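Encoded as structure tokens, the structure appears first; notes follow it.
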Amino acid sequence: MFITFEGPDASGKTTILNKLIDFLNKNYPEIEFITTREPGGKHLVEAEKIREIILNKDSILSPEAEAILYSASRRIHLDRVVIPALSEQKLVICDRYVDSFYAYQGYARGLGLDYVKAMTNLVINGLMPDITVFFNITPEQSKARMNQERLIEQHDRLDCEGDNFHRKVYNGYLDLINQDPKRFLIINANQSIEEVFSDLKQQLFSNQRFIDFLKNKGINVSE
């Protein structure tokens, strides 16, 4: 099973992903799973180098060049991490995937959804997530969080884009959800970490695709 986590910058998805890892390790040790991310990938030197180029604030990239770099990184990631794990019947949980590409490059960069989908179709060969978790916060909420975080850590090239860019990203996500609503779990990310995680667990463990995956592993979900 392939699950992806998506959301605007500072939505807290990576924090919740780490909590889910701890929860699965503690409560479902029989589930074999891996976690990974895009751009880049787990233990992938080549893909991580591409990530560094994309996110480096000193990089000067056209939208087209940026899209090509993302796509190259994605294919490496699929070949070396995602596809092998899925072929071994593992659960793959990925922090960002094609929906980020569509929202950021297609909508916010202005390349257009048809353009980025055509490019993506050549790269992923139909490999879409079974479930996508969208952490929903508005651009205003995202900006407030990023302003707080800037006091602590340096932000990357995409974080430093303007309000209009992040509004386009958010609206792009909403459009993608409307096009494929059955794939998405919508989480209200404007809550405490514990409330967000509780919401995720409730939705994930009542999702029929995830229930079927667990049953195939011999795990019955009572709640």
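Backbone N, Cα and C define each Cβ position, glycine as well.
Database features, via TrEMBL:
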DOMAIN    5-198  domain 'Thymidylate kinase-like'
BINDING   G7, P8, D9, A10, S11, G12, K13, T14  ATP binding site
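DSSP assigns K13 (ATP binding site) to a helical segment in the three-state reduction.
For G7 (ATP binding site), applying a Cβ distance below 8 Å and a minimum sequence separation of six or more within one chain yields K13, F134, F135, N136, I137, Y173, A189. Apart from G7, P8, D9, A10, S11, G12, K13, T14, the residues listed for ATP, the same chain places the Cβ atoms of F135, I137, S142, A189 within 8 Å of the centroid of those Cβ atoms. The number of other Cβ atoms within 10 Å of the Cβ belonging to S11 (ATP binding site), over all protein chains shown, comes to 24. Within the group of binding-site residues (P8, G12), the Cβ with the highest number of other Cβ atoms inside 10 Å belongs to P8.
Secondary structure at P8 (ATP binding site), taken from DSSP and collapsed to helix, strand or coil, is coil. The Cβ of T14 (ATP binding site) lies under 8 Å from the Cβ of F5, D95, each of these being in the same chain and 6 or more residues away along the sequence.
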